[in-house]
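Features as listed in TrEMBL:
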- 11-20: compositional bias 'Low complexity' (COMPBIAS)
- 29-412: domain 'Major facilitator superfamily (MFS) profile' (DOMAIN)
- 1-20: region 'Disordered' (REGION)
- 26-48: transmembrane segment (TRANSMEM)
- 68-91: transmembrane segment (TRANSMEM)
- 98-118: transmembrane segment (TRANSMEM)
- 124-144: transmembrane segment (TRANSMEM)
- 156-175: transmembrane segment (TRANSMEM)
- 181-202: transmembrane segment (TRANSMEM)
- 258-280: transmembrane segment (TRANSMEM)
- 292-314: transmembrane segment (TRANSMEM)
- 321-341: transmembrane segment (TRANSMEM)
- 371-400: transmembrane segment (TRANSMEM)
Amino acid sequence: MTPEDQEETQPLLRPPGGSAPRGRRVFLAAFAAALGPLSFGFALGYSSPAIPSLRRAAPPAPHLDEDAASWFGAIVTLGAAAGGVLGGWLLDRAGRKLSLVLCALPFVAGFAVITAAQNLWMLLGGRLLTGLACGIASLVAPVYISEIAYPEVRGLLGSCVQLMVVTGILLAYLAGWVLEWRWLAVLGCVAPSFMLLLMCFMPETPRFLLSQHKHQEAMAAMQFLWGYAQGWEEPPLGAQHQDFHVAQLRRPGVYKPFIIGISLMAFQQLSGVNAVMFYAETIFEEAKFKDSSLASVVVGVIQVLFTATAALIMDRAGRRLLLTLSGVVMVFSTSAFGAYFKLTEGGPSNSSHVDLPALISMEAADTNVGLAWLAVGSMCLFIAGGAQALRCLLAGLCLLHLRCPFHSGLCP
C-alpha cells in the first residue's frame with residue numbers, strides 16, 4: 001500500500017498516541033441508527049406472511065390474487081431504488097442524523113397506510129412508501145454508524161447493520177406466525193417510531209459537522225459520543241471533499257473496483273435471494289407444507305445464524321473463498337429444490353404434505369419424509385449460502401473501496 005493509500009484509509013478523527021475513548025453513548029447512538037436496518041428487514045420480510053393472510057381475508061378487506069400478490073411483494077424494490085437516489089442526495093445536504101429522522105416517516109406512513117388499506121392500491125402505496133424508506137435507511141444508517149464510531153469499535157458496529165436487517169426479516173416471520181396482516185403492519189410501525197424518538201436526542205456525526213465547518217458542534221458531538229474531545233487530530237482539509245469526474249473511470253484504480261463491485265452486487269441480486277425473502281411462506285405453501293409459517297421461521301433463523309457466522313469467520317477464511325463456497329452451495333440448493341418440485345408434482349398425495357413439527361421429531365424412514373426434508377434442507381442451504389455471500393460481499397466491497405482514491409476511510 002502506498003503512502004497515499006495509507007493516508008486515505010486512516011480514520012477521519014483519531015486520538016493522539018493510540019489512546020482509546022471510553023464513552024459508551026456511541027453504542028446508544030448506533031442502536032438508534034440500527035433501528036433503520038431493523039425496520040428495513042421487517043419491511044422486506046412483511047410480504048411473506050402477509051400475502052397468505054391477505055389471500056384468506058374476507059370482504060370488505062382487500063383480497064390478493066396471484067398477480068396482485070406478486071406486485072405486493074416486488075413493488076418495495078421500486079421504492080427502494082428511488083430511496084437510494086434520494087438518500088444519496090439527503091446525505092450531504094440534510095446531514096446523516098436528519099436523513100435518518102426523515103426516513104422514519106415513510107416507514108411509519110407506509111405501514112399506517114397498509115393498516116388502513118381498503119383496496120389493493122392502498123396496499124401497494126403503503127409498500128412503495130416502506131420501500132422508499134428502505135432505500136434511504138440502507139444508505140444512511142451504515143454511514144452514520146461508521147462516522148460516529150471510534151476505530152476500536154467501528155468494525156463491530158459496522159457488522160451489526162446486516163445482522164439487524166436479517167433480524168428484522170426473522171421478526172416479521174415470527175410475528176406473522178401469530179398476527180394477521182393488519183396487526184403485523186401495526187407492529188411494523190414500532191421500530192421506526194422508536195428510531196424517530198431516539199434520533200431526536202442523538203448528535204450529528206462529527207465528520208459531517210467538520211465538513212460544514214462547525215468545529216464547536218463537532219467537539220460537542222465527540223464529547224457526547226466518546227466521552228472527551230480534547231487532543232483529537234483532524235485530517236487534512238483536502239480529505240473532506242474529493243470530487244468525482246467521469247473521466248477518472250479510465251484509471252485502473254477506479255474502474256476495476258467499480259466493475260467488480262457492480263458485477264458482484266448484480267449477480268447477488270439476480271441469485272433470487274430477495275424473492276425467497278419476499279415469498280418464503282408462499283413458496284412453502286406451493287410445496288404443500290401444512291405449516292408454511294414455521295418453515296419460514298426456520299429459514300429466517302438460519303439466515304440470522306449464518307450472517308453472524310460469516311461476520312466471525314470472514315477475516316480468517318477470506319472473502320473470496322467464502323463467496324465461492326456460497327455460490328456453490330446456492331447452485332446446489334436451488335437445483336435440489338427444483339428437483340423436489342419435479343418429483344412431487346402431480347396428485348394430492350404429495351410427499352411434502354407433512355406437518356413440519358412432525359418432520360423434526362421423526363426419523364426420515366421412508367421416501368416421503370426424505371423428500372420433505374429435501375425441500376426444507378435445500379431452502380435452508382440456499383439462505384445460508386446467500387447470507388454468507390451478502391456479508392462477504394459487503395465487506396469485500398469495502399476492501400475494494402479502500403483501493404479507490406475516493407475512499408473516506410470509514411468502511412467497517
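Yeah, the Cβs are placed from backbone N, Cα and C, and that goes for glycine too.
Annotations in TrEMBL come from automatic prediction, not curation.
Small disclaimer: the values here were computed from a predicted structure and weren't measured.
Taking pairs at least six residues apart, the transmembrane segment (68-91) and the transmembrane segment (258-280) share three or more Cβ pairs below 8 Å and count as touching. In this chain, the transmembrane segment (156-175) lies apart from the transmembrane segment (321-341): fewer than three C-beta pairs between them fall below 8 angstroms, excluding pairs fewer than 6 positions apart. Comparison of 26-48, 181-202, 292-314 by number of C-beta pairs under 8 angstroms to the transmembrane segment (321-341) places 292-314 first.
Long-range contacts of the transmembrane segment (98-118) within the same chain: residues 32-33, 36, 39, 43, 60-62, 83, 87, 90-91, 125-133, 136-137, 140-141, 144, 181-182, 185-186, 188-189, 191-193, 195-196, 199-200, 204, each at least 6 residues beyond the stretch ends and with a Cβ under 8 Å from a Cβ of the stretch.
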